[in-house]
Amino acid sequence: MGLLGRLFGSVLLCAASLGLTGAAWGADGAPHGDQGVTHMPDVTFTLRTSIAGGKLVFIGERGAITDQVNPDLRVPEGAVVQINLINDDGATHDIAVPDFNAHSDHISGKGAATAIVFRASKNGTFEYLCTLPGHKAAGMVGKLIVGEPSKEVKAQAPQIAHDPSQVGTPVGKRGPQKITVDLLTTEVEGRLGDNSTYRFWTFNNKVPGPLIRVRVGDDVTINVTNPKDSTHIHSIDLHAVTGPGGGADVTQVPPGQTKSFSFKALHPGLFVYHCATPMVAQHITNGMYGMILVEPEGGLSKVDHEFYVMQGELYTAQVHGASGLQEFSLEKLLAENPEHVMFNGSMDALTKVYSMESSVGDTVRIFFGVGGPNLTSSFHVIGEVFDRVYNQASLTSKPLTDVQTTLVPPGGATMVEFKTDFPGQYVLVDHALSRVEKGVAGFLTVKGKADPAIFHSDEPMEMHGH
């Protein structure tokens, strides 16, 4: 919640449909929607629009939700629910509960009002939101909880998102060694968002898989184990490998087996690995990708913070924002039309689940790659300029300097470095910014003393640009 807000900075008496179609009324009192049945609401809430903490939000009015930001609205299953909305900030807004097909008119101007009425006909946790472009991501979204709080497995679904601070151990000045890497392929229903899950296919139960860190000249053995309860063959293709299929030709592993191979790390660089079992794109979109860092002789230069970030896509039958278990859509995959675009495996991996932090004066290195399988990323950190970009993740070429945005294709990577000079919250994005609406954003929080010679404004520093 609150992504684009960080990027850009009188109760009406209504009738209701008794089916899944919600009715809506504008400030003029005229009904819109299904007018065939009228009914007094069992539960009524009133919200007002506002700006709080640099975000667009709903604020509760009256009763138990008074002054709460995006309050949880709890109702019994089967209740007829009325949600009134009062415009208190002057901008254009609406309110909707898509799962119950309830959508209000747009309202503009301070004091304007509207409402939706619908029957909460199914148990679960659902979203109410403003549907204007960018407003949900800017913070205008809350929970409608129908019946008892969900106790389904999905609420306790495993966290598959990879912690960006888990970057392995730098090789330092050591010489070549024999290295063994054990990878476990898994098929697990994991957390996608607050109210949604997906059946991910992973390496070592995380998306992306582990950052494998070796040195040029190392002899590396890869062991791939596919548990007996798997329902698919899995494999691995490492782009750092010189050999048949990058290892995929010898690691088509049936359930219940382990297959292995060894290779010499001949080329320094940051390389993607992924499952290469047909249909390859399906295995990748489901989460089977990661990176291997082959450090040059002498290792990488020391920095204060290193982070591991990968971008991926999910192609689901359900639309973005739907609750429950999301199902894979082959049609959308082939059309290259993802419902979800994310960093590190989930919608909020780098905005809520994990934090990336630095201090004023620190140096930061990000290992960034794109699992894909289809979209090229325009990687950008809002409010920062990359001091150095190792283009195409080549560690032996001279880096580009003073770069705003860098292109990373599917199956490609880059390494960027920069100094954090000013405190604040800096947002990682794919600068194809409509994808932020599909989930792809991350926060880097910089703490410390502000230097007004670098940046100064008398305005509150809460909203961010692009």
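The backbone N, Cα and C atoms fix where each Cβ goes, glycine too.
Predicted automatically and left uncurated, TrEMBL annotations should be read as such.
Listed features, source TrEMBL:
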type    : residues                                 : note
BINDING : H234, H239, H274, C275, H283, M288, H431 : Cu cation binding site
DOMAIN  : 98-146                                   : domain 'Blue (type 1) copper'
DOMAIN  : 194-297                                  : domain 'Plastocyanin-like'
SIGNAL  : 1-26                                     : signal peptide
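Distribution of TrEMBL features across the structure.
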| residue | record | CB count, 10 Å |
| --- | --- | --- |
| H234 | Cu cation binding site | 28 |
| H239 | Cu cation binding site | 20 |
| H274 | Cu cation binding site | 29 |
| C275 | Cu cation binding site | 30 |
| H283 | Cu cation binding site | 22 |
| M288 | Cu cation binding site | 29 |
| H431 | Cu cation binding site | 16 |
So how many of the residues in the domain 'Blue (type 1) copper' (98-146) end up helix, strand or coil by DSSP?
3 helix, 22 strand, 24 coil
DSSP-wise, what's the residue breakdown of the domain 'Plastocyanin-like' (194-297) into helix, strand and coil?
13 helix, 47 strand, 44 coil
On the 0 to 100 pLDDT scale, where does the domain 'Plastocyanin-like' (194-297) sit on average?
98
